[in-house]
Amino acid sequence: MQTSIPKPKLLITLRTITTSATVSCNQRAASERGFLNLLQSCNTFSNLLQIQAQILKLGFQNSPLILTKFVSKASDLNSIEYAHCFLFSPHSNTHFYDAFLFNTIIKAYAQTANLKPKALWVFNFMLECRVLPNDFTYPVILKACAGIGDLNLGMSVHGSLLKFGLHRNDPVLNTLVHMYCSCKGGIVFGRKVFDEMTKNDSVPWSAMIGGYVRLGRSNDAVDLFRKMQTQGVCPDEITMVAVLCACTDLGALELGKWIESLIERERVNKSLELNNALIDMFAKCGDVDKALKLFRTMNERSIVSWTSVIVGLAMHGRGLQAVSLFQQMVRDGVAPDGVVFIGLLSACSHSGLVEKGKEYFDLMRKEFGLLPKIEHYGCMVDMLCRAGLVREAVEFVQKMPIEPNSIIWRTLINACRTHNELKLGESLARQLIRNEPMLEANYVLLSNIYAKMSHWEKKTKTREVMDTKGMRKIPGSTTIELNNKIYKFVAGDMYHNQYKEIFEMVDEMGREMKRAGYVPSTSEVMLDIDEEDKEDNLNRHSEKLAIAFALMNTPPGTPIRIVKNLRVCSDCHSATKFISKIYNREIIARDRSRFHHFKDGLCSCNDFW
């Protein structure tokens, strides 16, 4: 970064420019060049104010070149609003403003966190001033629209670029795809633009794949990436980061490994962001040791690198390793942030390290000066609840200096059901429904509490209220990656082409488990039916169907990896322990909060799940 010009030298330079500016056109051009050099060296707001005064004094307020550089420098100094007031004051003569100047102002606003709508104001004013937009205008204005996320606004800008005939420009079309993919309900329009454009390089592919990933449509992202491969388009690091995020979401480890080999084969630039995406993918797809190995070989690490590994270790229940890595991070002089502490507290929660968790929660403020946020309080409540300390968790919530959110209340209610504090759970669930009467998850919690209490009439009434309000429970599902395909199962799934064989395999699993001493946990069935029907209902859970499918279609002794969208129930957790021993399989299951490694009849979570 350049150093600030000393004040006496600045004044001398300004006087020189002032003297020469009054002589001739040639000298005026020379003074303009001097002014541009001066702006190039300016890096403080006070210098910018001095230069502004001279712009007015010398009549350079009608020079688009100098005003453009002034705006650019103001943007660098986070003072774009000040420059805006100067350029668009009632006394400004905007007749001299050109597209280059307007584009610079629009770009400056588009790059801000919360002033993007002003980019649209400048764009509209540009049109009012009869300054025609060009190929450089629309990419920046569309980026602003993407940041705002307003589909109607984006569509109106799309109409504008069609009007001016700029819809054949590749950078414009690439940004148009990105804009549509960033707006709610815009993905269909983004795909239409994508399908109709030429796609000779990776940019439009990356924009579309990234759009699918942000919407959680990871299967679509992977399918499009495969199409990109068949068309011979070489991916870049941005494409790879997006596809790795899709693999992470799907838990598709084999695909992630193939992507890693493709990165090496195509010699894709392994930027810090790409390395972080690889680490995150391996950690969240079940191979945390590979994530650690990659982390150890990195020449450059960011706070994201450390966080990804710590969070990965937390998800796998390796709390002591996560704590050790955190201590190494501090020793290496990397200042932890709030996100790192979320990972650290989660690691303590998943490993039952209650005292360690309390210690680090206190150290946040005392040693590192970080004020705990609601997410940190949520981790503490989760930690106490997993350890069965429900009453202590309630007391902790009551003493919190900030208002607990619905996630914390739902954590408490789930813990009440798990640890048979049912009256307390009912009371908390009723209060939560009063606070959030239109959230279906709250009614599901209360319904489950009533089922555990065998209050079937109250459970039915709660479900009827949900039906009246048009609410539906999120169905449990389990996915499994096999032979480069992702298979999805829901409870009682009869749509798979092997469903008859799968059900037969499930029945066989049930017989073998009972011989080994397995007792079904029928309290998990939230239906008023007899015990035999409850057992049959448990046998049709999505994770059991996915495991049966894997046992049928993979060689004996190979690991099985499954991903569940919800938390695994206690019966499936118990059953999977038995299956791992009976069939001599390691089963790695990822639910919505952590990994479970089942082997030889045991689970890595030690029941802190």
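Note: Cβ is positioned from N, Cα and C throughout, glycine not excepted.
Heads up, TrEMBL stuff is auto-annotated, nobody curated it.
According to TrEMBL, the feature domain 'DYW' maps to 517-609. TrEMBL lists 98-133, 201-235, 271-301, 302-336 with the feature repeat 'PPR'.
Assigned with DSSP, the residues of the repeat 'PPR' (271-301) fall into helix, strand and coil as follows: 23 helix, 0 strand, 8 coil. Sequence-distant neighbours of the repeat 'PPR' (201-235) (same chain, 6+ residues past either end, Cβ-Cβ under 8 Å): 170, 173-175, 177-178, 180-182, 187, 190-191, 194, 242-243, 245-247, 249-250, 252, 255, 262, 266, 268, 486. The residues of the repeat 'PPR' (302-336), classed with DSSP into helix (H, G, I), strand (E, B) and coil, number 26 helix, 0 strand, 9 coil. Summed and averaged per residue, pLDDT over the repeat 'PPR' (98-133) gives 94.
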